[in-house]
Structures are given as C-alpha cells and as structure tokens.
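Heads up, the thing below is written out as structure tokens.
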Amino acid sequence: MEAHAAGANQRIARISAHLHPPNFQEGGDVSIDRANCRAKGGAPGFKVAILGAAGGIGQSLSLLLKINPLVSVLHLYDVVNTPGVTADVSHIDTGAVVRGFLGQAQLENALTGMDLVVIPAGVPRKPGMTRDDLFKINAGIVRTLCEGIAKSCPNAIVNLISNPVNSTVPIAAEVFKKAGTYDPKRLLGVTTLDVARANTFVAEVLGVDPREVDVPVVGGHAGVTILPLLSQVKPPSSFTAEETEYLTNRIQNGGTEVVEAKAGAGSATLSMAYAAAKFANSCLRGLKGEAGIVECSYVDSQVTELPFFAAKVRLGRGGAEEIYQLGPLNEYERIGLEKAKKELAGSIQKGVEFIKK
Ligand SMILES: NC(=O)c1ccc[n+]([C@@H]2O[C@H](COP(=O)([O-])OP(=O)(O)OC[C@H]3O[C@@H](n4cnc5c(N)ncnc54)[C@H](O)[C@@H]3O)[C@@H](O)[C@H]2O)c1
Ligand SMILES: O=C(O)C[C@H](O)C(=O)O
C-alpha cells in the first residue's frame, strides 16, 4: 500500500513540476528526462526545433509537427509568447514531447541535440513591400539564430523560411562558414509554398485534383526568381501561350496576392505552415533513410553559375544528397531563367556581404 501511495505521489509531483511556469523557463529537469527517455526508448523519432514558433507560421507549424509521428521531441523557441503556445500545443495527445524556450538566453537549450531546425522567425511583408524590404530586420535575426545553431547543433538540418530567402540562405551559409561548421547539404531554403501554389493553380487550369499535379519550381523565392517549369508538369500537359503567361504570373505573385488580401495583417501563414510541415516531413523521411524523397529547395548549387539556386533535390540521411539538373527548358523558360539569375545574383551578393563586411 505504502509503496503504491509513494509511487502515486511521485507521479503527481512529476506532473506538477511539468506544469510549473519556472519549469518552462529553465527547460525543467522532469520534462528533459521524459523527453530523453521517450527519444531513447521505444518510440523512434527526431528532435525538431522551431525558431519563431509563436508567430503566424510558427504556431500552425508547431501544431502540424506535434502531430507528425516522426517527431519525438519538439522545441518551440521565440522571443515572445512561447509559454502560451507551448502549453496549448503540449495538450495534443500525440507522441512528441513539447518544450518551450523564451528569449535569447534560452536559445542554446532550445537547440542542443536537435536533428532538424526550422526557422520562420522574422517580420512579414505589408502591402507595397518587396521581400527584400525585410532584409534590414530579418538578416540580423537569421544571423543570430544561425550563430546559435553553429554553436549548439552544428550537424542539424536547417530549413530556412525567413524572407528574403534569396539572401537569408547565403547569410546562413556565411555564418556557418565563419564558424567552421558549414555543410552545404544541410542548409535548405524552403520554397515548397511556390510548388504548392503552382500545383493548385495548374490543377485549376487543367480541371484536375491538385494532388495529381507536380510542377517543378526552380530559381529562388521572390518575383521573377520564382520560375515554374510548366513544360515539365506531371502528368505531361500542354498550355497555350496565354495560359503559360497567366500561370507564371500568378505563381510568381502568389505571395503578394496573400499580402494584399490580408491588407496589412501579414503574409501567408496557413499555407506556409502546411508547406513547411510537408518539407520538414520530407527531410525527416530522408534522415530516416527512406529512398526517393524529392523536393524543390533553394540550396548551395552548381546547377547554374550562381552559388545558390532552387532546384529539385533528393533528400537523404545527409540532407540534400543530390541536386538535379534543370532538364530541357522551352524558349519562354530560358528567357525566364536569365531574368531570374540576374535578380538572384544581386540578392545572393547582398547576403554574403552582410556577413563579410
Ligand atoms: N519561405 C516562404 O515561402 C515564406 C512564406 C511565408 C512567410 N515567409 C517569411 O516567414 C517569416 C515569418 O512570417 P510570419 O507570418 O510567421 O511572421 P510573424 O510576425 O507572425 O511571426 C514571426 C515570429 O518571429 C519571432 N521572432 C522575431 N525575432 C526573433 C528572434 N530573434 N528569434 C526568434 N523569433 C523571433 C516573432 O516574435 C514572431 O513570433 C517572414 O519573414 C515571412 O516573410 C516565408
Ligand atoms: O510573400 C511573402 O512576403 C511571404 C512569402 O514569401 C510568400 O511567398 O507567401
């Protein structure tokens, strides 16, 4: 009887320790033990951190990764509001253990031991702004977070969402180079939303289910650098010149379409969280050793003369293990490629100089 009562008391003590706010702040021993036990024990899974977890993308992404069976530990980091988001998400009855981290002082704890770090931290656009207008604020945020990654989980795969992606990925690369931890295969700019939009808009034109459509989108993630390859759509489809023009413009301006519709309340969050969760899931499947996982992503690349370019990549245990060539392009796409490269070159340079200066 006594032993039984002592066991019950211990369990209650553990639960209340888990709920106590200081336990949240300091990354509490009880939840660390539980997380580690769970991660080491029967339930297989990966440790994933979201940086910017309390934001528009971050909150929905936290929900989606909490219900991903490949995730055993989920760390939610932000400079505001993580206690509430963490408490909320942690009540979902799935396997992943959720822990919250608030502010720069807890960045190291948030990152230590992570297999995958997803970064949606930073300010979003308002109507009339370009993604490059976000550079001033977001470049510094990305630098700080990547310095933390270099220090605390240098082998993690990084999924970078913060805009302008065309520049923030080169910034991250320079930070990792400086720290001596750069592995180009492990740094991936997230362009999955461009593919989701392309699939949706093309399916509308073809009158089919978007899940049956696969549109490669290459180049980068801003305006003319977003280059859908409509000549390579699966299933094979042909488009009139008018349809090609309409689809290319709509895909390139999908982000602006949402920014304008939200009228000052931010940019795409729900579709982006979906896209980020899909991309993270593919990265985790690759880490697990599954074969044939292919996604478009903005990566360190030799596909063109530029140091970074979005293309189809094969994901594996090491990250982006293979980058595919662009394949045959039609005349419209060749002209688009030249425009994309011109703008991308400047955005890459700007990112590199931000760290080197
Ligand atoms: N790659 C893409 O396809 C894509 C799509 C949509 C949005 N975005 C970009 O994602 C970013 C986030 O968008 P959102 O709508 O979620 O914005 P948001 O303002 O709703 O959320 C951003 C979050 O980042 C946090 N943050 C700010 N500085 C931080 C720091 N130093 N460390 C950790 N967290 C910090 C904020 O507190 C906030 O909670 C923007 O830059 C946006 O342009 C990219
Ligand atoms: O358009 C934006 O500013 C956000 C994002 O890059 C998007 O494509 O929705």
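Cβ coordinates are placed from backbone N, Cα and C, and glycine is handled just like the others.
What TrEMBL records for the substrate site is ARG125, ARG131, ARG197, and among ASN81, ASN163, ASN166, ASN249 the residue it adds there is ASN163.
When the candidates ASP78, ASP183 are compared with the NAD(+) site entry in TrEMBL, which names GLY52, ALA53, ALA54, GLY55, GLY56, ILE57, GLY58, ASN138, ILE161, SER162, ASN163, MET272, the shared residue is ASP78. Other than the site residues ARG125, ARG131, ASN163, ARG197, same-chain residues with C-beta atoms no more than 8 angstroms from the centre of those residues' C-beta atoms, the substrate site, are PRO124, PRO164, VAL165, HIS221, ALA222, GLY255, THR256, VAL259, SER267, ALA268. Of the recorded residues, GLY58 (NAD(+) binding site) and ARG131 (substrate binding site) place their C-alpha atoms 18 Å from one another. Under the three-state DSSP scheme, ASN138 (NAD(+) binding site) falls in the helix class. Confidence over the domain 'Lactate/malate dehydrogenase C-terminal' (191-354), given as mean pLDDT on the 0 to 100 scale, stands at 98.
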